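Summarising the annotation, TrEMBL assigns compositional bias 'Basic and acidic residues' to 233-245. Annotated domain 'Cytochrome b561' per TrEMBL: 1-218, in sequence order. Here TrEMBL flags 225-245 as region 'Disordered'. Taken from TrEMBL, the feature transmembrane segment covers 35-56, 77-96, 108-132, 197-216.
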Amino acid sequence: MHQRAIQVLALAAMVSADGAPIPSDSSWEQVHWARIHAWCMATGFFILLPLGSVLARYLRAYLPFQTWLSVHATIQLLLALPIICVGFGVGVHLAMYNGQFKNPHTRIGLSLFLMYWVQLALGIITAGTPSVPLGSANSGSPDTRHPIKARPWYALLHVFWGVSMIIVAAVQVRRGYTIEWPEKRGQDASESVNRAWKAWVVIIPVLYLGGLALLLRRQWSQERTRMANPESSNEKHEGDATKPV
């Protein structure tokens, strides 16, 4: 007990020496959990999910359906899910400790967590539905519609829901390090965090929109080919995927 008190006082002295006040309603243990929460949620929502979306945007124009889908699902589900769940669990712990369930950051975080599960459901349903345009089915009647019109509504919602979730996540991360962290820590987050956030919110849209501009026509051309002759072998078409369109 005495050793723990001495350690806390020593840490407090170090921070005070750096000019950082210690919040009266916060403990060093809670600061530690807040740091874990921040890293997990930022990594899951702000880094992995956008990265998985960008990779899918580029890879789908060159790789077979199952190949690019595997990369996308590995990032969005196998990597992001456990990290996000840990971050959310720590966030619930912090909210219970501080009685902040009505805090805007907590409410947005809960909404974002629920949005993620809806997005996973939409993605699983979309991937599990045989689709000639996407290349997950090779039987059906010839279809002359635009590839977008051939998609089920939940496939389109999956795209728009995912983009909306990433935007909300970017705002939530910024609120976390500009509002919540100073309240817990007693001082502002490092300027490098702010610079990294600004860089990432520029890089991801540029990459995603660039992929749309450069590869969307190619993707639609491939999908029209599948729709016009759905009985043909997918392997043949996928082998031609790397040829210029």
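Just so you know, glycine gets a Cβ as well, placed from its N, Cα and C.
Computed from a predicted structure; not experimentally measured.
Non-local neighbours of the transmembrane segment (108-132) in the same chain are 41, 45, 49, 69, 73, 76-77, 81, 84, 88, 91, 138-140, 143, 150-152, 154-155, 157-158, 161-162, 164-165, 168-169, 171-172, 175, 226-227, 230; each lies 6+ residues outside the stretch with a CB under 8 Å from one of its CB atoms. On the 0 to 100 pLDDT scale, the domain 'Cytochrome b561' (1-218) averages 85 in the predicted structure.
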